[in-house]
């Protein structure tokens, strides 16, 4: 032990530490304890050294110097050291805990350094336990202490834990602290408690941009996208005098992409351009994604080509956009151009390329890219990659190969998404036997959802097996399984309108249904015949045709034709896969009314023009 201590004390130090030792060697003369009141220059130099530390070995050397010089006794220095030791890339919570225990009477700042470390480690139990330890030591927490506690609760979506911290915030008189109220908003947002998050927002004496962004993000993440867009308009109002920043733009661009709200997305683009945010790479990449999800690939390409230094994220966004809009060959060409530019693809790039192959039935090309990913780029396939391959094989009718791919890969076999993808292929090809086996696998995983049973119902209905349809419906009723209604959105003049199946909530519902009846009549004259195979009831053909007429995408199309000038493009987004009949309906609308109908369902885009669809009826 004595030899180890001797070697530790006399090992070579980096030049900067040697300089510090020479400069402050008089602070620790041999045989005397160092003075705890170190000169300000010594503390300042050490703190700068600590903050610049980027390796764990250097951190240990700094700690050794602090012990030898006595600077570890300086509260400011020890706080800086504890803070650095809890942050990447040198974070080591066990080591930090040992250093903390050497402090005889820690203050709140030193405690907060370790508390933040626990919060960053996503260990909610240890975070709360250390806070209780602080109280036992007689250290009263401050607003930063509570913000770390709230961050820890939010990271694991612990609403009960958050309530406890909220009570302590009120008890200690911090309820008017804007930083804490923002942290409380983030907590409630992570727990999907939007109303509570809004209440915290309304109680703020002053709302900065961060608070606005948290609330906008809360609405965006919890299916209240229209409210998120509305907040942008409120934020811009003169009474607030607060300008959205680049983070606001990023959140809202994502919302616009989800809704297919092109007009609003262009507003965000214009705002970003006026303030210079469109020059940042993150905003540029988000613009590519937004325009792609709105089916506007011309503008997505314009943004892409304007980027001077394209990263793998930029290329991946462009490839994925081309893939989802049905431009499979262009996506593959973009992948080749990316390689020629010397940019190495990542896992997201291959997800886009494999998706392009899947949507266009390019089985050989998809298999080649899959092998390239593993063999050339040494990227281990993840669930998304396997899902694309299952989708590719399933759509091509190679159900046995798709089933084998899932069962031989454990990571895929245990993921419900791959099974659901194959279940969708069973519906397309009417394979009820395999569909039943897939449902059994989903039950084993305890991952079955209402949509899984709907796919099985569609498979039975397609095969005309109404007895099995009735059995599955009874099972769903007995188990309390409720399906999500189809919801379609269309944006007109910057306002998003929503329609659900059999919708009677829209203020212009009477006009919409009359227009839908008129459209259907015109389409039938042009040769349109309702495809009743999508309707899940054993009823006569006339009743089935009536039921199909109220699907949400048809209502959105009718509203669009009712509310826009002739020839204007209609952009519609739906939360579910469009049925065969609605797909056929849109083709006839594009031809009969001379409209470009851009329709995005759950999996891809459909560009209807002159009676044809970009997917070539392959979706």
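From the backbone N, Cα and C atoms, a Cβ is placed for every residue, glycine too.
In TrEMBL, annotation is done automatically, which means it is predicted and not curated.
What TrEMBL lists as repeat 'PPR' is 208-242, 311-345, 346-376. Per TrEMBL, domain 'DYW' is recorded for 527-619.
Residues of the same chain lying 6 or more positions beyond the ends of the repeat 'PPR' (346-376) and with a Cβ under 8 Å from any Cβ of it are 312-313, 315-316, 319-320, 322-324, 326-329, 331-332, 335, 338, 382, 384-385, 388-389, 391-393, 395-396, 398, 603-604, 615, 618-619. Using a Cβ-Cβ cut-off under 8 Å and counting only residues 6 or more beyond its ends in the same chain, the repeat 'PPR' (208-242) has close neighbours at 178, 181-182, 185-186, 188-189, 192, 194, 197-198, 201, 248, 251-252, 254-256, 258-259, 261, 264, 268, 496, 498.
If you average pLDDT over the repeat 'PPR' (346-376) in this model, you get 94.
Within the repeat 'PPR' (208-242), the DSSP-based counts of helix, strand and coil residues read 25 helix, 0 strand, 10 coil.
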